[in-house]
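Quick notes on the structure that follows.
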Amino acid sequence: MNRVFNFSAGPAMLPPAVMLRAQNELINWRDGGTSVMEISHRGKDFVEMAEKSEQDLRDLMAVPDDYKVLFMQGGGRGQFAAVPLNISSSNETSLHMVTGSWSKGAVSEANKFNNAVVIGETTQREGKAFVPQPEPSDIDQRAAYLHFCPNETVDGIAFDWLPESGDVPLVADMSSTILSQPIDVSRYGIIYAGAQKNIGPSGLAVVIVHESLLGKAQSVTPSFMDYTQTADNNSMYNTPPTFSWYLAGLVFEWLKEEGGVEEIARRNNHKAQLLYNAIDQSDFYRSQVHSACRSKMNVPFQLAEPSLDDKFLSMADEAGLKALKGHRFVGGMRASIYNAMPVEGVQALVDFMSEFERTHG
Ligand SMILES: *Cc1c(COP(=O)(O)O)cnc(C)c1O
């Protein structure tokens with residue numbers, strides 16, 4: 001097999017070392033003669049694995065003791081419904097920053113279960129997408145929570161400040177940025193993430209929730225989506241997606257071995273800088289996102305001559321640079337460079353871009 005670099009936005013590439021380990025122990029996990037997906041989630045081995053994976057995630061993110069860590073089903077969008085169902089009543093308000101496709105999706109879902117209000121949106125500054133702080137006067141202190149997405153996967157828009165929400169708990173959709181850089185968990189009410197970008201296979205969602213937000217679920221909340229039920233049952237109220245959970249655990253171990261979130265953030269900064277430098281240095285490539293709001297995980301870029309898009313994509317694919325087509329909402333190209341993408345992959349892309357410009361510019 002030729003080496004390829006997979007820039008897919010999600011499900012995304014996983015660390016090769018993790019995939020090899022999973023392959024090695026696939027049919028004989030822990031010398032039990034079966035795979036991890038063929039055994040009871042209530043057995044000693046699986047429970048041990050589950051506990052260790054939670055502890056590893058707590059260590060990696062320095063999760064304080066007064067937070068629960070939940071392994072749930074239904075990915076990121078499952079949480080678009082679970083959050084309002086768990087921490088607001090049907091006549092309460094939820095506040096939403098809308099900075100791109102995903103945070104927009106969260107509003108309409110929340111509005112089924114509470115009164116969802118948009119309080120801040122992406123604007124244009126110097127002709128590029130820019131996210132301003134929401135107006136303090138827009139933040140109703142009686143709101144149940146303020147939802148935002150610090151890294152918009154489709155649009156490549158990110159910001160590293162927190163909305164100033166007073167006493168209103170912050171809820172962050174970190175599906176495409178969790179574990180990519182250190183954060184202070186204690187500033188958040190809830191952090192959630194679908195797994196398939198930076199954690200593991202799809203199907204799983206990780207939820208980190210402050211204990212003060214438990215016990216508020218609406219009476220109609222399905223039990224398997226209820227944070228309190230999930231916490232009380234160690235994320236095994238119903239059968240969890242065992243293989244996804246196991247693989248997430250391997251990714252957490254890998255991340256620890258690589259030096260943790262600080263070290264991975266250093267690499268992520270370097271990777272993003274390489275790619276944005278290549279875009280900024282040339283008139284052939286452009287970014288539509290303001291330099292203050294550029295994602296380090298998802299880098300959309302356009303050709304000055306969009307008629308060359310198909311050629312760029314097919315030649316890149318032949319060169320082993322896979323899945324660079326931009327999201328259908330945005331067009332152009334997008335390189336997703338999550339934790340598992342090595343710097344060599346980004347370097348190969350940058351080299352390809354320079355050669356493509358030389359031969360087509
Ligand atoms: C991928 C993604 C989602 C949706 O995840 P699903 O698992 O497909 O529901 C939600 N939010 C963000 C920021 C994402 O990147």
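Placed from the backbone N, Cα and C atoms, the Cβ positions cover glycine too.
What TrEMBL annotates here:
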type: BINDING; residues: Arg42; note: L-glutamate binding site
type: BINDING; residues: Gly76, Arg77, Trp102, Thr153, Asp173, Gln196, Asn238, Thr239; note: pyridoxal 5'-phosphate binding site
type: DOMAIN; residues: 4-349; note: domain 'Aminotransferase class V'
type: MOD_RES; residues: Lys197; note: N6-(pyridoxal phosphate)lysine
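Structural mapping of features recorded in TrEMBL.
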residue : record                              : DSSP (3 states)
Arg42   : L-glutamate binding site            : coil
Gly76   : pyridoxal 5'-phosphate binding site : helix
Trp102  : pyridoxal 5'-phosphate binding site : helix
Thr153  : pyridoxal 5'-phosphate binding site : coil
Asp173  : pyridoxal 5'-phosphate binding site : strand
Gln196  : pyridoxal 5'-phosphate binding site : coil
Asn238  : pyridoxal 5'-phosphate binding site : coil
Cβ-based isolation winner (fewest other Cβ atoms within 10 Å) among the recorded positions Trp102, Asp173, Gln196, Lys197, Thr239: Thr239
I need the most crowded of these binding-site residues: Thr153, Asn238. Count other C-beta atoms within 10 angstroms of each C-beta and give me the top one. Thr153
Taking the Cα atoms as reference points, how far is Thr153 (pyridoxal 5'-phosphate binding site) from the residue listed as 'N6-(pyridoxal phosphate)lysine' in Å? 9
Same-chain residues at least 6 apart in sequence with Cβ under 8 Å of the Cβ of Gly76 (pyridoxal 5'-phosphate binding site), in sequence order, are Trp102, Asp173, Ser175, Tyr192, Ala193, Gly194, Ala205
By Cβ count within 10 Å, point out the most packed of the binding-site residues listed: Arg42, Arg77. Arg77
Alpha-carbon spacing, Arg77 (pyridoxal 5'-phosphate binding site) to Arg42 (L-glutamate binding site), which is rounded to whole Å: 27
What average pLDDT is reported by the model for the domain 'Aminotransferase class V' (4-349)? 97
Taking a cut-off of under 6 Å between Cβ and any atom of ligand 1, tell me which of the binding-site residues Arg42, Asn238, Thr239 pass. none
